[in-house]
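Chemist: Dumping the structure here so I can ask a few things about it.
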Amino acid sequence: MASKKIFGIVLAGGEGKRLMPLTADRAKPAVPFGGGYRLIDFALSNLVNSGLRQIVVLTQYKSHSLDRHVSQTWRLSGLLGSYIASVPAQQRLGKRWFAGSADAILQSLNLLRDEKPDIVVVVGADHVYRMDFTQMIDAHIASGAGATVAAIRQPLSLADQFGVIQIDEQNPDRIAAFLEKPKDAVGLADSPDEILASMGNYVFDADVLIEAVRRDGERSDSNHDMGGDIIPDFVKRGEAGVYDLNRNHVPGSTDRDKFYWRDVGTIESFFDAHQDLVSALPVFNLYNREWPIFSQQLNSPPAKFVRDANNNVGTAIDSIVSLGCVVQGSHIERSVLGPWSMIESGAKIVNSVVFERAHIGAGATISMAILDKDVVVAPGATVGVDHDLDRTRGFTVTDSGITVVGKGVRVD
Ligand code: ADQ
């Protein structure tokens, strides 16, 4: 890999409909995660930790907050040609935005022409995981495939959310069949309740990728989608390789988190991933300093826990409390507090995720809830305690009983 020039493309245009209302004002990759992170930080950290230094982030829907995050947080020095740049839809093929993820690459082909890389790593931006891409790139080069798809085992019940891979028995590094989000998938021979899913991360020989998206762009019967059109085309031609995440070894990973890969595209999975983070021994370890997950460096004071006027102590257990928070005479349990949240006297927050700059008034109760940025909860008010009341106030309540309050809402 040492002599090859590698270029990274992050597909970050997804709408994230299933995360509404958290994606009402921001693209899914910009959704906050784990206190101070955004979802895109996981993909970018993996690429940067893998040594990539030329990366573009292709954006589309509601990209303002994503652009701001990428430009403020992911500043590589610019020396030696290093950069991470966010590139909005170019409309270079006429007055239209991107059609699908392959069209997004087609519209940005000038970037590849300028840089002339040998290899292009294309990744999604909405998963929580660690992966060393150098190992996948080496496997790609060794196999001689034009395209290599990263894969991980997932439950059969989730097959309709993933590209499902069938391995070539004669040549286990190759894909024999690929079905994008099939309704009637069959389990693996050695594990009937599982399928081999595409992670939506790919490695391509650059010239082969350019040719493939160009060819796809001319087809009227294509949705111009990487998973739905480009990869199946490579498979048909016998040119698609597979790289199983099981082969990946990330420095500092533990036995518990080495194959953790979580699609946090629904409110339930987003909530569950946070409940994992706040447990004493989470599966996903944010504290691995050998493969750090980078994010914005806030210019904020540390979190503070103080008594109130009646001498009630401010406490947080099994929780993540971000910079700038003040917990005064109130109690936080199994929850994540985003930066600059103020929790007043006697308030209680349990099993919840609170984004940036929340203000929780005295005596308020928050339970099994996700509060978006700038939510204000009036003294004594509740969220997640009475679901009928939550619904009448216009909040989203999931079947599993998670209440979601949108950005900037005042709860009385
Ligand atoms: P999905 O995630 O459902 O499945 P898609 O909606 O195309 O596929 O999103 C893939 C990535 O591309 C996401 O990061 C998204 O933000 C981004 N994206 C989508 N449209 C885009 C556009 N027009 N411009 C820029 N970026 C765009 C994919 C694969 C499956 C695989 C799953 C793994 O298609 O085969 O199993 O990911 O989660």
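Glycine is no exception: its Cβ is also placed from the backbone N, Cα and C atoms.
Just so it is clear, the model here is predicted, and its values are computed rather than measured.
According to TrEMBL, the protein carries these features:
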- G163, E180, K181, S198: alpha-D-glucose 1-phosphate binding site (BINDING)
- 8-277: domain 'Nucleotidyl transferase' (DOMAIN)
Chemist: Enumerate the residues of the same chain, G163, E180, K181, S198 excluded, that satisfy the criterion Cβ within 8 A of the mean position of the Cβ atoms of the recorded alpha-D-glucose 1-phosphate site; list them in sequence order.
Modeler: F162, V164, F178, L179, P182, A197, G227, G228, I231
Chemist: Express in Å, rounded to the nearest integer, the largest CA to CA distance found among the alpha-D-glucose 1-phosphate-binding residues G163, E180, K181, S198 named in the record.
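Modeler: Binding-site diameter by Cα atoms for alpha-D-glucose 1-phosphate: 10 Å.
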Chemist: Among G163, K181, S198, please name the binding-site residues whose Cβ is nearer than 6 Å to ligand 1.
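Modeler: Those binding-site residues that pass the cut-off, since their Cβ is under 6 Å from ligand 1, are G163, S198.
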Chemist: Counting only other Cβ atoms and using a 10 Å cut-off, which of the binding-site residues E180, K181, S198 scores lowest?
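Modeler: Looking at the binding-site residues E180, K181, S198, the Cβ with the fewest others within 10 Å is that of K181.
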Chemist: Does anything in the same chain, at least 6 positions from G163 (alpha-D-glucose 1-phosphate binding site), have a Cβ under 8 Å from its Cβ, and if so what?
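Modeler: Counting only residues 6 or more apart in sequence, the Cβ neighbours of G163 (alpha-D-glucose 1-phosphate binding site) under 8 Å are V149, F178, L179, E180, K181, A197, S198, G200, G227, I231.
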Chemist: Could you tell me the mean pLDDT over the domain 'Nucleotidyl transferase' (8-277), as a whole number?
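Modeler: In the predicted model, the domain 'Nucleotidyl transferase' (8-277) has a mean pLDDT of 92.
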Chemist: Taking DSSP as the reference, which of helix, strand or coil describes G163 (alpha-D-glucose 1-phosphate binding site)?
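Modeler: Reduced to three states, the DSSP call for G163 (alpha-D-glucose 1-phosphate binding site) is strand.
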